[in-house]
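S.K.: My questions will all concern the structure given below.
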Amino acid sequence: MTTTQSKWLDAELKYDSGVYNKHHVVMTRGLGATVWDESGRSYIDCVAGYGVANIGHSHPDVVRAVKEQVDRLIVMPQTLPNDKRAEFLGELVGVLPQGLERVFLCNSGTEAMEAAKKFAITATGRQRFVSMKRGFSGRSLGALAFTWEPKYREPFGDAVDNKNVDFVSYGNVEELRAAITDQTAAVIMEPVQGEGGVRPASAEFMQEARRLTKEKGALLILDEIQTGFCRTGKMFAAEHFGVTPDAMTLAKAMAGGLPIGALAMTAEVADRMPAGGHGTTFGGNPLSMAAGVAAIRAMKREGMAEQAREKGAYFMERLRAIQSPKIREVRGLGLMIGVELKEKSAPYIHALEHEEGVLTLQATPLVVRFLPPVTISKEQIDTVIAAFERVLQTVDPRAERRAELAQGAEEKQSE
Ligand SMILES: *Cc1c(COP(=O)(O)O)cnc(C)c1O
């Protein structure tokens, strides 16, 4: 394996920090729901940059907007107003649920969670939080405190300060009621848990979370970083449940692929944060703003929410029709889909990539997750289904494990 590696792969493996389990492939181009590696091989991309490329890779409107903006202005801090930023804020607030009319701009989902934490504390004068078991909120020390899975937190010990966080079972109204007190600043939850295994919330749980937070003077903060921007068949997943939060964290698909993040909130939440209380250098940069304007307009013009709803229903119907004793459950909302297997999903994800040219991702060890661009065609969905059926039949997890161990040994030797 090592001798046939390209110089690009060699360099990444050599210089990277080592926190990523890198696939042995070098991706060089993308368009719509297709990406190509350096040898010219094409893949149907159901990873989409972890749910970033909702409107497809290199959407022509985003490409044009970025090209135009790059010639005009790339950086401008937020103390200095900028035409593209103003335009973006107008577009964003225009699609947000009613009542969310103020925005803190940043560069990633994790940063949006950090902002949510600080704004919730200043808005309520309280410091306790309720988060969800199986929830995922990001990797910074502050956001990690809301992340349930111990493997993300434990290596960093007490530096992850989650003494002030109570975790409740996602969907358990009784536990939620017991956890929310008059010390609670906010309840934080994903409308569909992503990393936790693609689990949609029940309407009852979401509505109770809304009611109980209001009753106790706490905020309801929805993490729509993965679910937002048409992924689930609505512009925001909260719309499925008839719930309007006090704040929403946004990132991933918001700028058609460029780095961006935001905390959207009510005026009451925003108004209690003092000037200078938070900030970031790259947040609201004109380049991401131009891309964001183009992306949100494309979502509206091309009816991307409707497309995600229809294609997601079709995708899940086809998955549910697969007859395989290896499948435990097919779950999801719109084009955020998970298939829970009765065994580890990694060998299947590996085979889909290598043998079938289909990129998928894991969500918990048992789940194969599909987050394709909303622009994926029915024919591409059919191809993915056929590929998945084949790997379910051909992959022998024990043989795969032996091959993995053998490959690991080979790599060790060649070092
Ligand atoms: C991806 C994700 C995050 C973290 O976002 P980054 O941009 O990777 O920092 C937080 N919450 C949810 C639900 C996510 O899916």
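Backbone N, Cα and C define each Cβ position, glycine as well.
Sharing the features that TrEMBL gives for it:
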- Gly109, Thr110, Phe136, Asp223, Glu224, Ile225, Gln226, Thr281: pyridoxal 5'-phosphate binding site (BINDING)
- Arg139, Thr280: substrate binding site (BINDING)
- Lys252: N6-(pyridoxal phosphate)lysine (MOD_RES)
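How about a rundown of where these features are and what they're close to?
M.R.: Gly109 (pyridoxal 5'-phosphate binding site) has a Cβ environment of 28 other Cβ atoms inside 10 Å.
Sequence-distant contacts of Arg139 (substrate binding site), defined as residues of its own chain at least six apart whose C-beta falls under 8 angstroms from its C-beta, comprise Thr110, Thr147, Tyr152.
The DSSP secondary structure for Lys252 (N6-(pyridoxal phosphate)lysine) is helix.
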S.K.: If you check the binding-site residues Gly109, Asp223, Ile225, Thr280, Thr281 one by one, which have a CB less than 6 Å away from any atom of ligand 1?
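M.R.: Once distances to ligand 1 are taken from each Cβ, Gly109, Asp223, Ile225 fall under 6 Å.
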S.K.: Which ones are near Lys252 (N6-(pyridoxal phosphate)lysine): of the binding-site residues Phe136, Asp223, Glu224, Ile225, Gln226, Thr281, which have a Cα within 10 Å?
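M.R.: The binding-site residues close to Lys252 (N6-(pyridoxal phosphate)lysine) (Cα within 10 Å), listed in sequence order, are Glu224, Ile225, Gln226.
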S.K.: Asp223, Glu224: which of these binding-site residues has the sparsest Cβ neighbourhood within 10 Å?
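M.R.: Looking at the binding-site residues Asp223, Glu224, the Cβ with the fewest others within 10 Å is that of Glu224.
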S.K.: In whole Å, how far is Thr280 (substrate binding site) from Glu224 (pyridoxal 5'-phosphate binding site) when you measure between their Cα atoms?
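M.R.: That comes out at 21 Å between the alpha carbons.
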S.K.: Minimum Cβ neighbour count within 10 Å among the binding-site residues Thr110, Gln226, Thr280, Thr281: which residue?
M.R.: Thr281
S.K.: Could you tell me the maximum Cα-Cα distance in Å between the residues recorded as binding pyridoxal 5'-phosphate, namely Gly109, Thr110, Phe136, Asp223, Glu224, Ile225, Gln226, Thr281, rounded to a whole number?
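M.R.: In whole numbers, the farthest two Cα atoms are 25 Å apart.
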S.K.: Taking only the Cα atoms, work out how far Asp223 (pyridoxal 5'-phosphate binding site) lies from Thr280 (substrate binding site), in Å, as a whole number.
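M.R.: About 20 Å separates the two Cα atoms.
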